[in-house]
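S.K.: For reference, the structure I am asking about is given below.
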Amino acid sequence: MKTTTILILLTHWVHSQNPTGGNNTATLCLGHHAVANGTLVKTITDDQIEVTNATELVQSTSTGKICNNPYRVLDGRNCTLIDAMLGDPHYDVFQYENWDLFIERSSAFSNCYPYDVPDYASLRSLVASSGTLEFMAEGFTWTGVTQNGGSSACRRGSADSFFSRLNWLTQSESSYPTLNVTMPNNDNFDKLYIWGIHHPSTNNEQTKLYVQASGRVTVSTKRSQQTIIPNIGSRPWVRGQSGRISIYWTIVKPGDVLMINSNGNLIAPRGYFKMRTGKSSIMRSDAPIDTCVSECITPNGSIPNDKPFQNVNKVTYGKCPKYVKQSTLKLATGMRNVPEKQIRGIFGAIAGFIENGWEGMVDGWYGFRYQNSEGTLQAGDLKSTQAAIDQINGKLNRVIEKTNEKFHQIEKEFSEVEGRIQDLEKYVEDTKIDLWSYNAELLVALENQHTIDLTDAEMNKLFEKTRRQLRENAEDMGNGCFKIYHKCDNACIESIRNGTYDHDIYRDEALNNRFQIRGVELKSGYKDWILWISFAISCFLICVVLLGFIMWACQKGNIRCNICI
């Protein structure tokens with residue numbers, strides 16, 4: 001009976017001292033927004049830290065189609081750019097086209113006399129960057145030879161033909177005199193001349209076409225000279241031909257002179273291509289071209305450029321995000337997330353930001369919860385919320401500005417003899433990608449660290465601002481809450497929120513209540529301890545009473561206890 005009485009008294013005492021139960025005190029807690037399921041991001045100090053909100057920075061998918069706006073995209077269909085430039089009869093439609101981006105398809109093929117270009121990648125890139133196949137014919141004089149040679153491998157309609165931008169010269173009346181032709185550049189722009197040399201498949205074909213047993217072609221300017229001798233010999237048959245043509249090119253600067261000297265095997269130019277400098281380029285892709293708008297194009301299709309990074313493709317054209325290896329990089333756009341605890345002690349008291357965040361806040365990132373004689377309420381603090389949002393807004397734009405540039409990363413090709421150069425180029429490109437990937441991860445981690453630090457700082461600023469207002473009228477409870485030692489209704493709480501609280505008005509009441517409560521007050525952290533202590537004492541007393549009863553019964557003979565050894 002005594003035990004039960006002690007337990008009841010202790011429990012009643014603890015409940016009677018519950019700080020939230022009186023009308024002369026109030027509890028004010030400061031807290032921040034939280035969500036049930038946050039997003040994990042990386043910072044400088046943590047690989048994984050949960051925040052309330054984050055934005056993905058890596059574009060990892062494409063639209064699957066190439067947009068034809070705002071760039072002029074030219075679909076090469078079955079034609080390669082070099083075939084269009086040379087004037088393959090099957091692709092005459094491309095001869096006066098302009099483009100920002102020329103799309104070469106994997107199905108493209110040559111359909112004229114078989115040829116090779118020793119410096120194919122450079123010529124392809126040069127013509128692609130010009131953005132046009134604008135061609136100007138010139139009056140070259142070729143005396144003593146037959147012009148306009150053709151082949152059954154290159155038909156225009158039903159007749160044998162040849163590349164329209166080249167002139168195949170052969171013997172005339174069993175004679176092929178030495179040719180010496182000059183062509184000055186009197187204009188104020190660079191001129192691109194395309195020429196070539198024919199490699200017959202047999203010696204008999206050589207003498208039949210050019211009389212001499214071996215020809216020679218020399219093309220010179222003031223800055224350069226190329227001398228090419230044909231390689232006579234049989235090669236694999238292509239479109240009924242075992243001979244080949246090698247295509248070369250020469251750029252003639254303003255004021256310079258083009259000189260051509262040959263005694264056989266010359267594939268002569270018919271004029272020049274006007275060179276232009278620009279941002280035009282070429283790309284291999286099988287993605288369909290559609291009517292849409294996108295400033296970034298990859299071989300996989302167009303992609304949005306509203307993110308600073310992408311890992312869709314290394315090859316891009318336009319205003320594109322930087323390519324990185326990571327498939328995801330998340331930028332924190334919210335604060336540190338600490339999900340709200342569903343149960344906070346046996347009395348269900350409200351808790352501040354030091355314990356956890358608050359879910360369900362709709363009127364701000366930071367706010368107040370309070371318990372007073374009018375109940376338990378919550379309100380947001382717009383000023384501190386706006387201060388944090390203002391600093392976070394623009395982070396994404398700043399990251400994009402640091403990374404997005406108007407540039408195009410073209411694909412690179414090398415012939416087999418340039419294998420070591422290709423390996424070196426690949427190593428350089430891979431190193432650049434590794435560096436950018438590392439820089440991207442570091443940049444995002446730094447920004448995330450800054451975001452979390454500044455949101456924590458705004459919370460601390462609000463807490464210190466409240467502490468300075470309350471002064472000795474309240475006590476810091478250590479969990480982000482204040483115990484206010486005077487009656488504080490909703491109007492009083494509102495004055496604390498908006499910064500108009502006058503602590504002098506409540507000072508006397510607070511001091512009086514503080515002294516009265518101090519004598520009997522138990523902090524909420526000790527209530528559970530007292531309950532456990534009272535429970536333990538009760539159990540101990542019950543055990544003592546039970547043991548005493550057993551000993552008394554044994555003494556009276558009502559209970560016998562035999563001990564056998």
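A Cβ is built for glycine as well, from the same backbone N, Cα and C atoms used for every other residue.
Since the structure is predicted, the reported quantities are computational estimates derived from the model, not experimental observations.
As annotated by Swiss-Prot, N-linked glycosylation site applies to N23, N37, N53, N78, N180, N300, N498. Swiss-Prot lists C67-C292, C112-C154, C296-C320, C488-C492 with the feature disulfide bond. If you look up Swiss-Prot, you'll see 530-550 marked as transmembrane segment. Marked as topological domain 'Cytoplasmic' by Swiss-Prot on the basis of sequence analysis: 551-565. The S-palmitoyl cysteine annotation in Swiss-Prot covers C554, C561, C564 and is backed by sequence analysis.
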S.K.: Using C-alpha atoms, which one of the recorded positions C67, C296, N498 comes nearest to C112 (disulfide bond)?
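M.R.: When the Cα distances are compared, C67 comes out closest.
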S.K.: Considering Cα atoms only, can you say which of N37, N78, C492, C554 is the nearest neighbour of C320 (disulfide bond) among these recorded positions?
M.R.: N78
S.K.: Name the one residue among N37, N53, N78, C154, N498 whose Cα is closest in three-dimensional space to that of N300 (N-linked glycosylation site); these are the recorded positions.
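M.R.: Out of the listed candidates, the nearest Cα belongs to N78.
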S.K.: Within 10 angstroms of the C-beta of N37 (N-linked glycosylation site), what count of other C-beta atoms is obtained when all protein chains are considered?
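M.R.: A count of 8.
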S.K.: Averaged over the topological domain 'Cytoplasmic' (551-565), what pLDDT does the prediction give?
M.R.: 66
S.K.: Can you tell which of the recorded positions N53, C67, C488, N498 lies nearest to N37 (N-linked glycosylation site) in space, using Cα positions?
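M.R.: Looking at Cα distances from N37 (N-linked glycosylation site), the smallest one goes to N53.
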S.K.: Roughly how many Å lie between the Cα atoms of N53 (N-linked glycosylation site) and C488 (disulfide bond), rounded to a whole value?
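M.R.: C488 (disulfide bond) has its Cα 35 Å from the Cα of N53 (N-linked glycosylation site).
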S.K.: Say you check the Cα of C292 (disulfide bond) against those of the recorded positions N78, C154, C554; which is nearest?
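M.R.: Closest by Cα distance to C292 (disulfide bond) among the recorded positions N78, C154, C554: N78.
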S.K.: Tell me the coarse DSSP state (helix, strand, coil) of C554 (S-palmitoyl cysteine).
M.R.: helix
S.K.: Among the disulfide-bonded residues C67, C488, C492, which ones place their C-alpha within 10 angstroms of the C-alpha of C296 (disulfide bond)?
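M.R.: Checking each Cα against C296 (disulfide bond), the hits are C67.
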S.K.: Just to verify a number: CA distance, N498 (N-linked glycosylation site) to N78 (N-linked glycosylation site), in angstrom, no decimals.
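M.R.: Computed Cα spacing between N498 (N-linked glycosylation site) and N78 (N-linked glycosylation site) is 72 Å.
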S.K.: In this structure, which of the recorded positions C67, C112, C154, C554 has the fewest other Cβ atoms within 10 Å of its Cβ?
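M.R.: The recorded positions C67, C112, C154, C554 were compared, and C554 has the fewest Cβ atoms within 10 Å.
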S.K.: If you draw a 10 Å sphere around the Cβ of C492 (disulfide bond), how many other Cβ atoms fall inside it, taking every protein chain shown into account?
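M.R.: There are 19 of them.
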